[in-house]
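Residues or ranges marked as substrate binding site by TrEMBL: A:236, A:258, A:261, A:326, A:359, A:413, A:418. What TrEMBL records for A:258, A:261, A:359, A:418 is Zn(2+) binding site. The active site, proton acceptor annotation in TrEMBL covers A:325, A:326.
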């Protein structure tokens, strides 16, 4: 237990410091090679990697549409219904985010518009690795579908048996995704960034992944003009604020549900009761023993802290300083405190709102800024699949009046040609009379 | 004149290719040194640079509030009124962009919210260089003001006489900016990114600048967790689409108003009339001769192209391929074509809507994605000063029902602890009965 008020500022900062995440030069060099190979050789490079890395004898790149359509037959009724509920809730919440154009006359004869345009082609990466992640498809695919993007590409590595999990395929089907590429890692990112014979080139790439995926996304965003990625990536993290009446079993379960994500996950408890912290510590030990991902969770707990604070208000101040990806509030009545929330990605209010609700099915997005980026970055939302541009339409009289603002400013900035573009039009108007 | 339909695809691509912009390793090395100096020595490093680079004997860092307040006395009535009109129009258009929170019950007992929070501390860089840019203050300062950001820092280099142009100070005053730092280049970016004794640390840095400013912004965004910047920078550009009845004088004036920005600016005309292109060429020569920034504009014109297309529709297709920062439509009736606009930053409709209207005073923002980034990036808008986060509040019954979606998905993804965080709560509910 870390007693916040008994420590100096340096120790306080240290307990909130995240483990350093630095990509190795080796990962960077490998990614650059892969990007170049896919850029120059296209499909051939992807197929070669499928043979080498995935040990596929006769690899293929695209999942046939019939396979996507038939995947649901391989799912249990429970899982199928679960995917459908998650899809429906996420769709409902994000549909409410559909943007509206703005049209406004700023002064007579000067019409200004703000317009939203779906990003034309988007790519979604879904990690394979230790577990299939249908939730990751939903959290990104629903948004692409709602935006009306013309091209949606999903890339994901195959399992050892060379198939893609049917839960992923069914989630993709619900999201209307028809282009599913059997490719993972930096190669998949390269394929979407440059385009190949089989894989359409996209403008923006979404999705989490391992260090190769993260590095490849950074590299394409830095080197290809017009290419964008969703947000900076970092290890997952949760911060729980609990009061003296909170349930230590619930707290421990929430901390562990984050800790099992990865050994680099960080979990923090801020609590104003020494007794609850001690009981949480016990519950952690008991619950940990039963987990299949015990080792991972145990390593993550080693980076983590149970912190005693003086008050709930202080807990919110410490949380704002940390800026957690997930913020869970196990408080008797959280409402009065909600205006103290700062720099959090997603907030879970009350004893019966565990993080896993938002991870899967409440409707909010589980793609969230982490590693302190919640000070400036948004949780993934529908606008990430749109761009805005402006339009102005000015009448002759509108320009005549507006010239009184344009001409002195152009003169002050020493930009003759800017002034001339207006005065040449004013002259033309005067000549018309 | 480039005849689009008489050239092959390679030549077509070449004519739309932007001049390469690569930051030198030298610029990067200098910026890294400056960032480190400011990070470790704070104000002392800024003062040292003011002596060395700006040749100031007794440099100061902050502009006293009285100087900001009194600056308007140094302005002509015309310029003062111009700044006020620009401020009012930009404010009106961006005020209409103020976001509204969303609150939605996705299924009974499951309340989801999307909330907007102003980014707490923002920094605005305003270049000094060859001309003062009060418009640059307005285009960023108004948005910071409307967002309600707690901290707004403006940095700008002093002129040779060691003062800041009063037009900049007055624009800042209208925007409610009280912290104005006399510092330019990479040092100014470092000061805002790390904070110094005099300069508050910010979370997001906005504003254009020279290659040192651009590099410093990139470096702090890449290395400081949580730090964000506005958008990738690139040379300014305009594309004009004109029909057979367009006024060649107006076209030439618009092309030149872009060309005078910098030698690396790019200007493109797409027109379906050979006669209009020829007349525009003549008008360019005549108007160019009279400009004070003739040399700059002339160099920019060397990168630029007048392109003959078959039809207005084809012009829009070529424009979408290029993705211009500014798109000017000198068409008899542009309305039927507006749905063909793609990948443009800001659009100027009709013969009497020159780019300089948007650069200064129409109300739209003049900070726009360039260099092909308009395929994915938005023109600067009020939401760039906000971040979103989500909140969910689930009742006991809500969780009981939602568990039917969460538990199968957690099982499918092999995440026990995610499931446990729900089942432990269901058990507690059952025990209550």
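Glycine is treated like the rest: Cβ placed from N, Cα and C.
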Rounded Cα separation (Å) that holds between residue A:261 (substrate binding site) and residue A:325 (active site, proton acceptor): 13
Cβ atoms near residue A:261 (substrate binding site) (within 10 Å, other residues, all chains): 22
Filtered A:326, A:359, A:413, A:418 - binding-site residues with C-beta under 8 A from chain B: A:359, A:413, A:418
Assigned element (helix, strand, coil) containing residue A:326 (substrate binding site), judged by DSSP: strand
Residue A:261 (substrate binding site) - helix vs strand vs coil (DSSP): coil
Cα separation, residue A:325 (active site, proton acceptor) to residue A:359 (substrate binding site) (Å, whole number): 12
Pairwise CA distance, residue A:418 (substrate binding site) versus residue A:325 (active site, proton acceptor), rounded so that it is a whole Å: 46
Cβ neighbour count (within 10 Å, all chains shown) around residue A:325 (active site, proton acceptor): 27
Nearest-integer angstrom distance between the alpha carbons (Cα) of residue A:325 (active site, proton acceptor) and residue A:236 (substrate binding site): 7
Residue A:236 (substrate binding site): tally of other CB atoms within 10 A of its CB: 25
Max CA-CA distance, Å, over listed substrate-binding residues A:236, A:258, A:261, A:326, A:359, A:413, A:418: 56
